[in-house]
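Okay, structure first, notes after.
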């Protein structure tokens, strides 16, 4: 099993990162380089989290071997020398033992690759992806200009640390020390952001699971999201219309022989299909452009317009998909509320699933099983999970405030690891380390997935995340993971700089280098700054950030706010309207299906007779009445079936009562002029039976 655990985890983590990326990214539409770069960043960060427990168990085994080899022999009563046999028996090689020399090389490759991605490649690709240039050279130039200030800030921070080392007479500038300064600068930036995200996740994750057990709370919050998303959806549609109007003007002004016509064609390809058809290129206009005129847009303005088109189309598509998903979620929560009082104990859905369900899932997940899970078991499961997560959060907060104390050891995670180290229970050590770092990672990474910086950074599921947000998330992961692992090693006292013991360090710590070069960071910032997590947890518990955003005009869900109540009422009305609209659609489909089943067979013979009579006069009618629908009938049986279906669809009995009128005035205009009596002028009896 030597090295087998490492290989298994490497393969497993790759498919895990690929699965999560597939949920948020779009492999078909987004550029392959964006997908590969984001996948590599996520994969390396997840890999560090999963492999670090193996490094801890291997280090403990190496410490045991070192202690046995360095222990002096003991003299018994007979005068013979014997070694510590019980001590040797305890040093059993763990099942996941990794041979010497592999872990240092592995960590060095993983760490420096992730740092190259986060500080150099991914920022450049971000600017390249958002650039509106029409050529590779233009996009590269824009990316370099945008990242000039970005890279300059890093050089300034690194230069400050470099000057500190140069001025200090007790320190000499060597390559290892310069490398340590760079690592310290990167970890300092990452630790500063890590504590902020960790303080939010330690409170919000248990609270969200506790609130998930309350059906009324989830339904009210969904209503609030519906009303808020409706506003964003309308704004995205209006923004898209404005951008498309500018594209239309540019398309009309720049003719076919203009030098910038290729740029316009590139912009048109990024527009939605309906707008492309509406703004089709007019090839009949051969008017030459006049170079003396100044009303032609410049290439710089076209680059800006191209960038706006990409952003507006992505935003419009994302809001449309999120709207459909949120409607399904609201309908399902309303169904859960209705089925809680069901006497049959079978879950009944108001609407059928639009997508075909897996037969295997439906075989085991029957309506009865669904009712017991949704109405009885799931609330209790979420409550128990919330309590367990809350206990973990309390342990993390306590350990963050006391991990620097080595005598006595106050960090609970360090106590657990040291107790397991005495008995050399490697499975327990690896499980304890994995659960600890996994919980810390969930608190930090889930916050990265939840936060939203206006519309510039937003990780939207169901393949709706743009390239800029994917690359930005990869940058954050690569910057947060190294300080997260160092913080974990400090909590468990596996870092010699924290435990102050002259023992063998882990391979990961050896790659980070000794922070004694910068003592004010190693002995000050790294130890006392994590205590700030207590203040952040208190602020998150009382929702101070949410209240501040609400005061600034960014509507947030708050139970004691009048604005929240207004949004909930608006969301209820929107859901009620969408439900009526979908019910009318299903009723129309059911009536059409019943009409075809009831009258389809009885009309088949009469339709066939009419076809025979029509075929005899086909030549005369095709010359004089080409516009009439009689010419549709042919000798083929397929054409006969299609004509019969069209006739049945036109003859569908429609109900135009006041309750069934569609809420969208555009839909009523598209089907004809509506009269107060409840009938359309286009739906007259003579037109229905024109073919007869």
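Even glycines carry a Cβ here, placed using N, Cα and C.
As stated in TrEMBL, the feature transmembrane segment covers range 427-448 out of the listed 427-448, 493-514, 559-580, 581-602.
Transmembrane segment is the annotation TrEMBL gives to one range among 405-424, 525-544, 605-624, 625-644, and that range is 525-544. Residues 226-253 are the range that TrEMBL records as coiled coil, among 198-225, 226-253, 254-281, 282-309. With Cβ pairs under 8 Å as the measure, the transmembrane segment (468-491) is packed most heavily against 105-128, out of 105-128, 148-167, 427-448, 525-544. Taking residue pairs at least 6 apart in sequence, the transmembrane segment (427-448) and the transmembrane segment (33-52) share three or more C-beta contacts under 8 angstroms. Counting only same-chain residues 6+ beyond the ends of the transmembrane segment (380-398), those with a CB under 8 A from a CB of the stretch are 198, 202-203, 205-207, 209-210, 212-213, 410-413, 439-440, 443, 491, 533-534, 537. With a threshold of 8 Å between CB atoms, the same-chain residues lying at least 6 positions outside the transmembrane segment (6-21) that come near it are 35, 38-39, 42-43, 46-47, 50-51, 54, 96, 98, 102, 106, 470. Between the transmembrane segment (427-448) and the transmembrane segment (179-203) there are at least 3 Cβ pairs closer than 8 Å, counting only pairs 6 or more residues apart in sequence, which means the two stretches are in contact.
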